[in-house]
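**Student:** Input: one structure, supplied below.
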Amino acid sequence: MAPAGLLRCHNWFMSVTTAEARVDLGAISNNVDLLREQAGGAGVMAVVKADGYGHGIVPAARAAVAGGASWLGVATLDEAMTVRRAGLDTPAMCWLYTPGERFDDAIAAGVDLSATSVGQVAEITQAAARVGRQVRLHLKVDTGLSRSGATPADWPSVVDAALRAQADGLASVVGLWSHFACADEPGHPSIAAQLRVFDETIEVAEKAGVRPEVCHIANSAATLTLPEARYDLVRPGIAVYGLDPIPSLGLTRRLGLRPAMTLAARVAVAKRVGAGEGVSYGHRYVTSAETTLGLVPIGYADGVPRHGTNLLQVWAAGKRRRIAGTVCMDQFVIDVGDDGIQAGDEVVLFGPGDGGEPTAQDWAEMLGTISYEIVTRIGARIPRTYGGDTQ
Ligand SMILES: *Cc1c(COP(=O)(O)O)cnc(C)c1O
C-alpha cells in the first residue's frame, strides 16, 4: 500500500512543484448554479471553448454540468469532439468553422451545429447525408456584431435552405441564435437594436415554418444584466469561471460567483544581492539597496505577459510585489527587500483574491486588457490541478 503522503502528492492543497494553475471545480459548479438561478427559467449553456477558458475543457465541462448546465458551448469541432470523447453527452453546440471542414464526426457524435449561410447549410447537410444521421442546426443571424451570422437580408434564404434540408430529413432546425457586440456596456444603444433585429428575424423564421426548441443570444454580461435577453437559453462563458464581464459593476461578486483559477509557482532561486545591481534582460530594474531577489520559474511562454515587466504584481512573502525587471520566456524576478524568501516558497500570481493576492481582473487592469485574455493564455506547460467538490 502506498504511504498516505504519496497518495496525496497530487492534491492541489499541497505546495506546487514548479508552477501550476489550480482549478477549483466546486467554484465552477457553484458559479453555474448561481447563473442558472439568475437566468430564471432559461437553460444554461456553459461555454467551454479555448480549453474551458484555460481551466481545462473536460474538467470544466464536467463541473459545469454538475452545477446544472444543460448545454455546453464550444467554438471548434475539435473542442466538440474532445467533450464527446470524454463521455459527456450533454447537448453541445459548436459554431466556428471554415469551408471544407469535416462535420461527419461531430454529427455522428450528436453535436448541434451552427449554420450562418446557405453554403454552410449545404456543407453540413451533405455531411449529415454521408453519416446517415439528421443534424441539429442552430441558424445564426448577425443582429449587429458583424462577425458570423447571416445578415437580415440573407436570413430568409438561409432559413429556406435549412427548411429544405429538414424536409429532406437531413436536418432539424432546433435553434435560432445571435451574439451581442456591447452587452458589457449596459445601456449601449446597440443592445436594444440587436434585440429588435433578433425578434424580427425569429418571426421571419417562424413564419417560414421553423419551430425552434431554443432561441439564444445572451453571453455572461447579458445574463447578468438583461432579463429580456434570456429567451430559452443563456450562454455564459467568463462568468462560469467566476470572472466578471463588467468589472465596473461588480455583479459577479455580489451574486457570489468565485474565480476558479489560482496561478501559483515556487521560487526556484533566492539570493542576496547588493545595491545597484541590474536585474533580468536589459537591466530594466536596478536594486536600490542590498536586497533579496526571488526567481519565479514561469514566463511569457506560460502566459505571464512580457508587458508585465516592472508592472505586474504577485503575492510573495506576505505582500504584493511588483515583478522586478523584464519578464523572460520561462521566468521572472521579484525583489522582496529584507523580507524572508527561500527557494521553494510559494508565489501566487493571481487567484480569487482572498489572501490578498491579485486577481486575474487585477492583472487585466494592470495590462490594459480583459480577464478573458489572462486565463486563456496560461500555456500548455503549466499543469492544471483540480480540487473543490462539485455539486
Ligand atoms: C465566447 C462566447 C460566449 C461567451 O461569452 P462570455 O462573454 O465569456 O460570456 C457566448 N457565445 C458565443 C458565440 C461566444 O463566442
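All positions are counted from 1 along the displayed chain.
Keep in mind that glycine also has a Cβ here, set from the backbone N, Cα and C atoms.
So TrEMBL lists the following for this protein:
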type	residues	note
ACT_SITE	Lys49	active site, proton acceptor
ACT_SITE	Tyr281	active site, proton acceptor
BINDING	Arg147, Met329	substrate binding site
DOMAIN	260-387	domain 'Alanine racemase C-terminal'
MOD_RES	Lys49	N6-(pyridoxal phosphate)lysine
**Student:** Roughly how many Å separate the Cα of Arg147 (substrate binding site) from that of Tyr281 (active site, proton acceptor), to the nearest whole number?
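**Tutor:** Distance between the two Cα atoms comes out at 40 Å.
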**Student:** What average pLDDT does the predicted model assign to the domain 'Alanine racemase C-terminal' (260-387)?
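**Tutor:** Here the predicted model's pLDDT, averaged over the domain 'Alanine racemase C-terminal' (260-387), is 97.
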**Student:** In whole Å, note down how far the CA of Met329 (substrate binding site) lies from the CA of Lys49 (active site, proton acceptor).
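**Tutor:** Lys49 (active site, proton acceptor) to Met329 (substrate binding site), Cα-Cα distance: 26 Å.
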**Student:** Give me the long-range Cβ neighbours of Tyr281 (active site, proton acceptor): same chain, 6+ apart, Cβ under 8 Å, in sequence order.
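**Tutor:** Spatial neighbours, sequence-distant, of Tyr281 (active site, proton acceptor): Gly325, Thr326, Cys328.
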**Student:** Counting every protein chain present, what is the number of Cβ atoms, excluding its own, within 10 Å of the Cβ of Met329 (substrate binding site)?
**Tutor:** 12
**Student:** Where's the emptiest Cβ shell within 10 Å among the recorded positions Lys49, Arg147?
**Tutor:** Arg147
**Student:** Could you give the number of helix, strand and coil residues in the domain 'Alanine racemase C-terminal' (260-387) as assigned by DSSP?
**Tutor:** 23 helix, 45 strand, 60 coil
